[in-house]
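Trainee: Quick one: the structure is below, and I'll ask about it shortly.
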């Protein structure tokens, strides 16, 4: 049987509130919306972490950033960590990554050096884009194109943009002669609609008078929310007034522009390629936009930054919507199942095309960036999302519980409401069990001792249990016996602590 191709498209800073088929807002995302109409739309998909590098780590390694190493921006995965590219390349795929990487431990732009598991002829990270610009153009791109007048005066059209050049390379890849025995995995990773918001002037003109209505979320006084949310709001004041209207034409324009670039790539699939290609679209995280008095992203678990778009179009064009919570952590296992690649033990995710039982998913936050203390510095957060509720443990401040069905805007924190004592305890236990299962290195008994949990006891997570096999690393030997860990019973080791 012919193995399928994969076209994996992602954006940066584009939560469900910025995609028309999810939000219902008059934002032009017609290409993404068309993909949703032809495929499977996941309505409760969550990022692994609402910050760039940790989110991408979950996506491209299949394990959480706390496991792989980059628990904050500008930290790279460990050298023993395998990626999507490695798994697929070793399975005989032509693996190609074009665009923003933000996973090499360097700065936002990256080093420009292609990892060995991807095709170096198509690698085009931020540093590669910068190498094509003059010093004047670099200065313009980062700080000088903030208005219609700026764009017109500098004659900026789509050919100047990183997004357009990414799309050019992706289209070129698709136009190359097919190799009969080598299916492809191509990742197309756009920076837009992330800052610096560069797009042709006609897109910016569209949104000059557009105001995004936040509704009641703009009125949240944060009185019953964690302290660090209030500190964040004070340090970075929201631009949204009492009218609840968010005005950011550059952001909206780039959101529109990147949709057209996505359309260019998807429409470049030949009929033969389309018959055998799974198309996957998602984003790394969102932007608060003034909701709950917050801007940017950071140590919060509101849907504005954690609930991301996820659409999967099969070659056969199966159409449906899925409301069950899923995670970026599930994408690599799902793709491996479709490609008939054996999933290694280390990957905790599931094939979300086959999930039928109710489930929960975890979201984490630890620190925004290694070099500075934005959003309070080290603020460890763990979140558990189910069909009906969202529990947020803020280790250093206070916790949150939201009713997802009756309070989708997350205005009412129910953590101290005794009516939900059973719900919060069951979710708390499920989250602690999951942290134990994945061997979250930030696990400690403090996560179990929450003031609202009257039956709380210090919870010990067990003794030495080695990392599950990833299919590449040498077998770990048990400390006590010196034997390969496959011969050691994990449960016995847990009880020994």
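Including glycine, each Cβ sits where the backbone N, Cα and C put it.
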Trainee: Suppose a student reads Swiss-Prot and sees 12, 13, 284, 285 listed for Ca(2+). Which of 52, 96, 199, 383 should they find annotated at that same site?
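Mentor: Candidate listed by Swiss-Prot for the same site: 52.
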Trainee: What is the set of residues, excluding 12, 13, 52, 284, 285, whose C-beta falls within 8 angstroms of the centroid of the C-beta atoms at the Ca(2+) site?
Mentor: 11, 14, 51, 55, 56, 194, 283, 286, 297
Trainee: Including all protein chains displayed, how many Cβ atoms other than that of residue 284 (Ca(2+) binding site) lie within 10 Å of its Cβ?
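Mentor: Summing over all protein chains shown, residue 284 (Ca(2+) binding site) has 29 other Cβ atoms within 10 Å.
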Trainee: I need the CA-to-CA distance for residue 102 (active site) versus residue 284 (Ca(2+) binding site), whole Å please.
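Mentor: Cα-Cα distance, residue 102 (active site) to residue 284 (Ca(2+) binding site): 11 Å.
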